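The feature transmembrane segment is assigned by TrEMBL to 27-47, 53-72, 84-105, 277-302, 314-336, 371-400, 420-442, 454-477, 483-504, 516-533, 545-562. Per TrEMBL, the feature domain 'DUF4131' maps to 55-214. Feature annotation from TrEMBL assigns domain 'ComEC/Rec2-related protein' to 256-535.
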């Protein structure tokens, strides 16, 4: 009787559990969790203000309501019961609130002072990072910073300095150095709505950037700090690999093993971008999966062979022991490569997949990928905005979705052709999934990228990634030379293919920067399409899939119909560009080169700054340039003394841009009765870059400050 009562009491609970699990199982809540968390993160970053106590309290209330709807069985007075659909809505609300809250916590945790002014003087700090700038200069990252006449509470937690041209050697990590240099806050977007480096710097606790023309002096040798000792070990391994392999092949090989990219020239970086191979020289899920997969396969083969020879089995299955070895190898790779954000993300993906093997689950499934994404977003919500995160998961999901049709197709192929066809198919699928994201972030389309990856990825998996750990195992015995030779063979092949592909006519084209809604439409639409057709919800799943395709089509339509700002003004006031039927016409052939390059790339225009400045439109001497826009005169004044012309030119609503600070009298005249619109250096430092568009409603002016809102990084 007792057991019967227990069984009867347990029955409602079991039924309730099954009732709760049923909708979750059918809707694939595990797969949807990172999607709704991403929505919450996206909402947090899209706000034009920093969420305070009230906003976070509201998010918490939404989360509590969502949890109640999801978990509890509620009987309403009308007599009907909340069903599975309401629980799914509750789960979505809960996940959105979690994403919002995680973003707030992360922003608070990484908060650090940002240099609020231009600084020139003595700089002291500890070397924590060495890399190379876009201008091909050696660059140092310093922490434990000391600046003259700057109180401790205003000192940046970290800063980054470019060294003079020709410097090829940098101090060892952990060395305390002193130098004289120029510093400033991280720069804002090149235009409203553009990439905000300040936001990326904020989440890296990077509070200042600059350069030095003076020698770097050593104040104290490297200490015994464990992290710095590991960093020095990485640099020694990197130097040894570069010396043994040689050239850019050695630099690329060391970057793949240690994460040290300071030896890779900007010319090589650009070639890899143009050939769509740049993702290979940045440690990501591809490399971690190749290394973990190689170790897993090798260990499994050895264990099975050992069992066959000995005739005795082991308590655990071979594949589980091999999975533990794969996790250990991936952890070692993470440790050696410095544990960057992208590398940590890749390790988590591999660890989750190997963990699935230990739990007798499929290593590659939408659920394991969703779990990895959720963990990464919980640890670093800002990763959602990075191209690495988006491209890694887009490629992985696309490959998983293609597995089922691939199995049906491979059964009809001769076994000799299967690896070749699988390689071609996987490259095409991954390229198709990542190309829109790459074009969206980088504004470039590598038309022969699939061919380049077809030729290079096999060499990466067979020669480059396996030979690295083999060389590390053989190095203590002095037997690493053959493995390094094979690794160099693979990287030389990679560079040769990249050079050939990048040199082909029409290998690269630029695409216009899309609007802010394009990426969310593409991402949510693609996710709905994948999860809709992969679900077991019958016609409801099909309708979700169709809805996803509609959203993707809407995203591409919005991208094709995007319009660029008709006039752009740089934050420093040293460049102005006006759109014409021939393309954007620049006021000067020199000045503001980084900003101007961003403008032209986002326009989808491959011309140089000099070519864009030679187009008809601007007139006058170098220091006083003039053109027409929106029915008024536009003046661009540059150089010392040029601002003296402001009172003379300020009339009839003219637009005046100058890279000099204008006196109060001229500013007062500009504001009196709308005599002119004056954008001097002081105003531009407050507003950031400016975009103007002339429409039916009149002249629309948008500043970077307005576009980014009042956030901690929009100083």
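Every residue gets a Cβ built from N, Cα and C, even glycine.
What you are looking at is a predicted structure, and each value in this text was computed from that prediction instead of being measured.
Touching of the transmembrane segment (277-302) and the transmembrane segment (545-562) is ruled out by the presence of fewer than three CB pairs under 8 A, sequence neighbours closer than 6 excluded.
Highest Cβ pair count under 8 Å relative to the transmembrane segment (84-105), across stretches 53-72, 420-442, 483-504, 545-562: 53-72. Only sequence-distant pairs (6 or more apart) were considered; of these, fewer than three Cβ pairs between the transmembrane segment (483-504) and the transmembrane segment (516-533) are under 8 A, so the stretches are not in contact. The stretch from 53-72, 371-400, 420-442, 454-477, 516-533 that makes the most Cβ contacts under 8 Å with the transmembrane segment (27-47) is 371-400. Sequence-distant contacts of the transmembrane segment (53-72) (same chain, six or more residues past either end, CB-CB distance under 8 Å): 20, 40, 47, 82, 86-98, 100-101, 104. Note on the domain 'ComEC/Rec2-related protein' (256-535): mean pLDDT across this stretch is 84.
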